[in-house]
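What follows is a short report on a single structure.
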Amino acid sequence: RNIDGKAWTKVNPNCGSTSFVVPDLITGQEYFFRVRAENRFGVGPPAETIQRTTARDPIHPPDPPIKLRIGLVTKNTVSLTWKPPKNDGGAPVTHYNVECLRWDRTGEVKESWKQCNRRDVEETKFTVEDLVEGGEYEFRVKAVNIAGPSRPSATVGPLVVKDQTCPPSIELKEFMEVEEGTDVKIVAKIKGVPFPTLTWLKASPKKPDDKSPVVYDQHVNKIVGEDTCTLLIQQSRRNDTGLYTITAVNNLGTASKEMRLNVLGRPGPPVGPIKFESILADKMTISWLPPLDDGGSKITNYVIEKKEANRKTWVPVTNEPKECIFTVPKLMEGHEYVFRIMAQNKYGIGEPLDSEPETARNLFTVPGPPDKPTVSSITRDSMTVNWEEPEYDGGSPITGYWLERKETTGKRWTRVNRDPIKPMTLGVSYRVTGLIEGSEYQFRVSAINAAGVGPPSMPSDPALARDPIAPPGPPVPKVTDWTKSSVDLEWTPPIKDGGSRVTGYIVEFKEEGEEEWERVEIRGTKFVVTGLKEGCFYKFRVRAVNAAGIGEPGEVTDIIEMKDRIVAPDINLDASVRDRIVVHAGGVIRIIAYVSGKPPPTVTWSRDERVLPEEAKIEETAISSSLVIRNCKRSHQGLYTLLAKNDGGERKKTIIVDVLDVPGPVGMPLLTENLTNDSCKLSWFTPEDDGGSPITNYIIEKRESDHRAWTPVTYTVTRQNATIQGLVQGKAYFFRIAAENIIGMGPFTETTKEILIRDPITVPDRPEDLEVKAVTKNSVTLTWNPPKYNGGSDITMYVLESRLIGKDKFHKVTKEKML
């Protein structure tokens with residue numbers, strides 16, 4: 001039972017030994033226990049524990065402390081630090097004992113380990129005092145809990161006790177970035193004996209050499225620890241950004257470290273004053289300069305607000321501008337306005353910059369006239385008009401121009417452009433199209449600004465709409481054929497016709513080595529040069545002619561030798577023919593091939609490297625050979641080959657011909673299985689010939705054995721078996737099946753025997769034709785035929801019964817199976 005309760009709880013139902021582990025106790029709860037002995041006569045009196053027992057894990061002394069370190073050493077003291085043990089032994093560590101051991105100069109132990117602390121050491125540090133200057137010591141620490149002291153920590157030493165000195169050193173991170181309002185701790189780790197004097201300095205990032213001491217107050221404070229110096233800045237501000245330097249000084253030297261602190265926040269106000277770039281009756285364009293302080297983050301946009309000078313309420317205008325200029329729209333003429341601008345970054349909106357009051361009014365007039373325009377780049381239906389901006393813009397920037405034209409014989413000016421022509425940096429030009437060839441035109445220009453359209457310029461000098469004419473460029477000739485005495489030339493017209501229609505061509509040729517060119521004038525782009533000398537070499541060129549004269553020649557790059565030309569055969573199929581032809585049965589197979597070569601090649605057709613079918617017909621022309629098979633069949637498909645040969649070589653072309661037809665009959669036999677009283681399952685083989693296209697469906701039809709009409713089965717079948725539903729029990733059926741592809745349906749295959757629809761296995765029908773064959777005084781010989789339907793299973797035996805006349809009951813005659 002627990003100490004708070006009075007009722008005893010049985011722990012075990014049966015225990016045969018004199019020890020037992022009590023389970024299911026609550027950690028930290030205190031208990032009493034009692035034990036009774038039992039024999040066959042009953043249970044004896046209990047023996048009860050006198051002291052209460054607490055349920056908890058066993059307590060052991062803790063592990064040794066860890067990371068024992070030596071700190072400051074003087075001529076008669078040593079500072080020690082350590083970490084608590086990893087395992088406290090099941091009870092909290094209450095204190096630590098520090099021990100030391102002294103050695104003599106010979107390296108022998110002069111004294112035994114003795115405890116250095118007079119009081120319990122509860123912290124993890126201790127300074128051992130009253131040591132002998134110059135003595136050699138070792139130190140160790142023990143952790144203590146209620147179970148006792150631990151094993152000692154690893155010893156440190158031997159250590160000579162004397163004043164230790166070392167110059168100062170500093171560890172400090174180089175950069176820190178925080179958001180405005182955040183508390184900042186700049187922690188520097190300090191080393192040096194004696195402990196150095198520490199000073200913090202601050203400099204502006206823009207003037208790193210101009211350092212001044214940090215002023216300590218409620219905002220900035222310095223905290224010095226045993227080996228650290230912390231500069232604490234509470235609720236940091238933008239002006240805390242800077243270069244911070246800590247300097248450590250003792251009698252052995254000086255050390256310094258720098259750290260750059262960047263406090264990010266809202267930007268400062270833009271730099272003023274706000275300038276009014278333009279002032280109109282309904283809008284003003286204002287500009288400003290970016291803030292000197294961007295808050296440490298890129299300026300994302302500017303927030304602009306306005307108010308009338310005699311009002312107090314600011315009205316938002318926009319927060320979209322990213323540049324330092326904006327046109328404020330929708331102002332009321334004659335009203336006086338004040339504007340303010342605030343920069344924004346990702347940390348917020350900065351302080352505003354206010355403008356001086358300004359009244360919305362027009363301060364300008366229409367612009368003056370531009371100078372007299374000039375005309376260039378004249379063609380038969382277009383001209384380019386050029387002009388400069390007017391000397392006087394009316395006090396407002398030129399926003400566009402209106403361009404007008406008129407024929408010199410007319411009086412009415414017509415505007416050329418639908419929208420104002422935008423001004424350019426160096427003059428303005430505009431191409432006018434839709435002019436009438438042979439007409440003479442003049443042009444004038446008016447400038448536009450915010451006040452309106454200014455007066456027009458002086459008219460330009462008259463200009464006549466016509467194309468400039470020059471001789472045409474060179475044609476591009478080539479030799480298409482030749483013999484021993486002639487050359488066939490062909491050329492394309494020149495790219496540039498010189499501004500005038502090409503009226504003819506001059507063909508020139510000469511024998512190699514001759515100076516003079518022979519000339520022939522023609523109108524077309526083809527010509528056959530005849531009467532040339534066999535075996536000689538000739539050059540050829542062609543010139544184009546227009547109204548301006550004869551153009552530059554276009555030359556044939558090759559020198560042609562006069563001899564009969566041999567060209568290896570070439571075969572090109574007609575556009576209607578591809579490498580594979582698909583034809584439906586009953587259609588026409590037509591393969592048209594264009595055959596070229598010199599001398600004309602002989603042409604041979606074959607199919608699957610054999611002679612052509614009898615139905616194939618070959619149709620020849622001067623440039624082609626065609627194979628035609630009308631009313632084609634599946635047997636006409638195959639690989640057709642066209643072979644062309646001449647003295648220059650041979651060429652072969654193959655074409656695959658596929659003839660598609662309906663599928664052939666499905667394979668036999670047709671099997672029946674899974675017969676029920678209203679269905680049966682049919683199975684069949686795929687057709688040997690699918691007609692050249694995959695089988696997409698099987699069509700099944702049925703008819704009753706005593707009918708002639710076939711009825712289709714109404715669902716789609718894609719496999720080689722199907723269960724026919726909806727049949728009538730006791731009726732006999734015939735079935736037939738046909739395969740179908742994308743071309744159509746093939747022939748039907750019909751079952752050879754009728755199928756009687758009955759349950760798969762039932763009792764057989766009665767035997768038929770029972771007859772008495774022979775009778776004796778004590779025997780009868782009987783014969784019969786099997787039943788028409790065996791019930792779906794083979795007949796295993798017959799049962800023979802008899803009864804006397806006048807009796808009602810039959811008696812079994814046979815005792816063994818009869819078949």
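Just so you know, glycine gets a Cβ as well, placed from its N, Cα and C.
Over in TrEMBL, the protein carries these features:
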| type | residues | note |
| --- | --- | --- |
| DOMAIN | 1-57 | domain 'Fibronectin type-III' |
| DOMAIN | 64-168 | domain 'Fibronectin type-III' |
| DOMAIN | 167-262 | domain 'Ig-like' |
| DOMAIN | 270-363 | domain 'Fibronectin type-III' |
| DOMAIN | 369-468 | domain 'Fibronectin type-III' |
| DOMAIN | 471-565 | domain 'Fibronectin type-III' |
| DOMAIN | 569-656 | domain 'Ig-like' |
| DOMAIN | 662-760 | domain 'Fibronectin type-III' |
| DOMAIN | 766-819 | domain 'Fibronectin type-III' |
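Per-residue confidence over the domain 'Fibronectin type-III' (662-760) averages 86 (mean pLDDT, predicted model). Here the domain 'Ig-like' (167-262) is broken down by DSSP into helix, strand and coil counts: 3 helix, 65 strand, 28 coil. As a quick check, the domain 'Ig-like' (569-656) and the domain 'Fibronectin type-III' (369-468) miss the bar of 3 or more Cβ pairs under 8 A, pairs 6 or more apart, so the two do not touch. DSSP places the residues of the domain 'Ig-like' (569-656) in helix, strand and coil in these numbers: 3 helix, 54 strand, 31 coil.
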